[in-house]
Amino acid sequence: MNTNKALFLDRDGIINIDKGYVSQKEDFEFQKGIFELLKHAKSLGYKLLLITNQSGINRGYYTLKDFEQLTQYLQESLFKELGFNLDGIYFCRHAPEENCACRKPKPSLILQAAKEHQICLEQSFMIGDKESDMLAGLNAKVKNNLLLIQNPLKTPHSWIQCKDFKEMIDLIK
């Protein structure tokens, strides 16, 4: 039975500032407000699951080992700052033209994470900064989809647009 709730989190643009194909810890900078968001969600019992497209691997911009080392740095930094880690890391290494089954906006990474962590999608949130993040959430049937964006988009979709993490914290109960 799926009884856990989760925050499905994009990495670049949500966890860290998106500087384009971030692969080294020297280039990794946490987003302002992300620690507060993660702490709030964790205190309410949410699992924290990273869902990220990392096409830089297959494009040859960086290696799988680079990604794994940066992910280890991310986890160690979170533990040092907050006393906990992300509960799961799910990534797609493919470029869009490879037409794989795992790249957002396809839902398979979210569905895999939900299955492995017994997540109730009705009680969960997808948090991202791009349309592909929101569409992945919608395609996976995640009930709540929060888009971090400074300039609101006109969209027929049911996601909620937030200008900062404070707005998101107020929505996550």
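Keep in mind that glycine also has a Cβ here, set from the backbone N, Cα and C atoms.
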The substrate site in Swiss-Prot lists D10, R11, D12, D18, K19, G20, Y21, T52, N53, Q54, S55, R103, K104. Which one of K39, K80, K130 belongs there according to the record?
K130
C92, H94, C100, C102 excluded, remaining Cβ within 8 Å of their centroid (Zn(2+)):
N53, R93, E98, A101, R103, K106
Taking each of H94, R103, D129 in turn, which of these recorded positions have a Cα lying within 10 angstroms of the Cα of D12 (substrate binding site)?
D129
Does DSSP put D12 (substrate binding site) in a helix, in a strand, or in coil?
strand
